[in-house]
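Written out below as structure tokens is the structure these notes cover.
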Amino acid sequence: DNILYSGETLSPGEFLNNGRYVFIMQEDCNLVLYDLDKPIWATNTGGLDRRCHLSMQSDGNLVVYSPRNNPIWASNTGGENGNYVCVLQKDRNVVIYGTARWATGTNIHGAGIVGVPGSAPQNSTAEMMKLVRKYLITK
């Protein structure tokens, strides 16, 4: 799956995946985006604790929490409560949608975007946004 929905978490070793790219919450509390086996982005929180988890909050903030539920990294995108999704896109970018509030900035131009689960993969940003808006309105 390439999407983390509001209220969902990634436990240590769990990840978003779209084939080539993996966005993983590692055992060492580092949240890392890999292109095949090469790390291309990270929260740089490795070694701060063990067995942290990632939470996509209903306020749009993506947060790494320690086992004691202390935040150790955040996307700083918190705002109004609503339905948000964190998407690992086909272009290698990880983006929080409600309105786009945060991204890793690692996209490769022209790669397209993966679709919402249960739908066919989409080839354009406009098509992806239609599906994201549908999710945000109906959830």
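Backbone N, Cα and C atoms are what each Cβ position is placed from, and that goes for glycine too.
According to Swiss-Prot, the feature domain 'Bulb-type lectin' maps to 1-109, an assignment based on sequence analysis.
In the three-state DSSP scheme, W102 (alpha-D-mannopyranose binding site) falls into the strand class. The Cβ neighbour count for W102 (alpha-D-mannopyranose binding site), using a 10 Å radius and every protein chain shown, is 18. Under the heading alpha-D-mannopyranose binding site, Swiss-Prot lists Q26, D28, N30, Y34, 37-38, 41-42, N44, Q57, D59, N61, Y65, 72-73, N76, N83, Q89, D91, N93, Y97, W102, citing similarity to another entry as support.
C52 (disulfide bond) falls outside any helix or strand according to DSSP and counts as coil. Among the features that Swiss-Prot reports, disulfide bond is placed at C29-C52, with the record citing sequence analysis.
Annotated pair W41 (alpha-D-mannopyranose binding site) and C52 (disulfide bond), C-alpha to C-alpha distance, rounded: 18 Å. In terms of local Cβ density within 10 Å, C52 ranks first among the disulfide-bonded residues C29, C52.
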